[in-house]
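Read the structure below first, then the notes.
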Amino acid sequence: MALKSLVLTIAIMAVLSSMSHAGEPSPLQDFCVAVDDAKNAVFVNGKFCKNPMQVVADDFFESGLNVPGNTSNPLGSVVTPVNVNQLPGLNTFGVSLVRIDYAPYGLNPPHTHPRGTEVLTVFEGTLYVGFVLSNPGPNMKNKLFTKILHPGDVFVFPIGLIHFQFNVGKINAVAFAGLSSQNPGTITIANAVFGSDPPISNDVLAKAFQIDKKVVDYLQSQFWWDNNI
């Protein structure tokens, strides 16, 4: 009976442990305002904590999301983030925000957020959005979920999955999105695959994409625009 109880206890602890590490750890203090200077600071969750006696209201404040971003680039879109790098007071809180501006037919290209789920709402314009599931079982394809969004509509992109937004309208579009991480990260697929430094071997990419090496060389020679400012 004691052994069964021990096994049950270990099983419950394992489940609780896995649940507690499914996302960012909960803060153990009221706040931990991020600071780059390590002097008299404590390192917590990727950033140093500012001395609480030196924390001010501006550490929890950021302005400017009312200002449209510059979409004059090859993608026709720009992402304006408010994460721990712009708003130090977000440190340890596991949330962040972005504004995304789209020119007519502008694209926020396929990308992933390795550390955060995204919930997006359209403020202006019409967006075609979607995400692709992770690798399925044998003889199955990666399923695509898409939707046309209008002002006031909301769509969720699960953590780590490839997703995109495309402005299908003839006018500018604006969206705001919340993410379940203070620093969700962004991996733009084309940039990462064809614009890495140093480049991925063209032997690898030619075989992976089942294309000629000359096509790979051409793609790697292009300038891959980053629309995250």
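Keep in mind that glycine also has a Cβ here, set from the backbone N, Cα and C atoms.
Heads up, TrEMBL stuff is auto-annotated, nobody curated it.
The signal peptide annotation in TrEMBL covers 1-22. The annotation disulfide bond is assigned in TrEMBL to Cys32-Cys49. The domain 'Cupin type-1' feature in TrEMBL is assigned to 63-217. Per TrEMBL, oxalate binding site is recorded for Asn108, His113, Glu118. The feature Mn(2+) binding site is assigned by TrEMBL to His111, His113, Glu118, His163.
Structural mapping of features recorded in TrEMBL.
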| residue | record | Cβ neighbours (10 Å) |
| --- | --- | --- |
| Cys32 | disulfide bond | 27 |
| Cys49 | disulfide bond | 21 |
| Asn108 | oxalate binding site | 27 |
| His111 | Mn(2+) binding site | 21 |
| His113 | oxalate binding site | 24 |
| Glu118 | oxalate binding site | 22 |
| His163 | Mn(2+) binding site | 23 |
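Listed in chain order, the residues near the oxalate site other than Asn108, His113, Glu118 are Val98, His111, Thr112, Leu120, Phe157, His163, Ala177, Leu179, Pro184, Thr186, each with its Cβ within 8 Å of the site Cβ centroid.
Those residues of the chain, other than His111, His113, Glu118, His163, with a C-beta within 8 angstroms of the mean position of the Mn(2+) site C-beta atoms are Thr112, Gly116, Phe131, Phe157, Leu161, Ile162, Pro184, Thr186.
Put simply, Cys49 (disulfide bond) is 33 Å from His163 (Mn(2+) binding site) when counted between their Cα atoms. If you take every residue in the domain 'Cupin type-1' (63-217) and average the pLDDT, you get 96. Geometry remark: His111 (Mn(2+) binding site) versus Glu118 (oxalate binding site), CA distance 12 Å. Calculated from their C-alpha atoms, the gap between His113 (oxalate binding site) and Cys49 (disulfide bond) amounts to 24 Å. Annotated pair Cys32 (disulfide bond) and Glu118 (oxalate binding site), C-alpha to C-alpha distance, rounded: 23 Å. Across the fold, the C-alpha of Glu118 (oxalate binding site) and the C-alpha of Cys49 (disulfide bond) stand 26 Å from each other.
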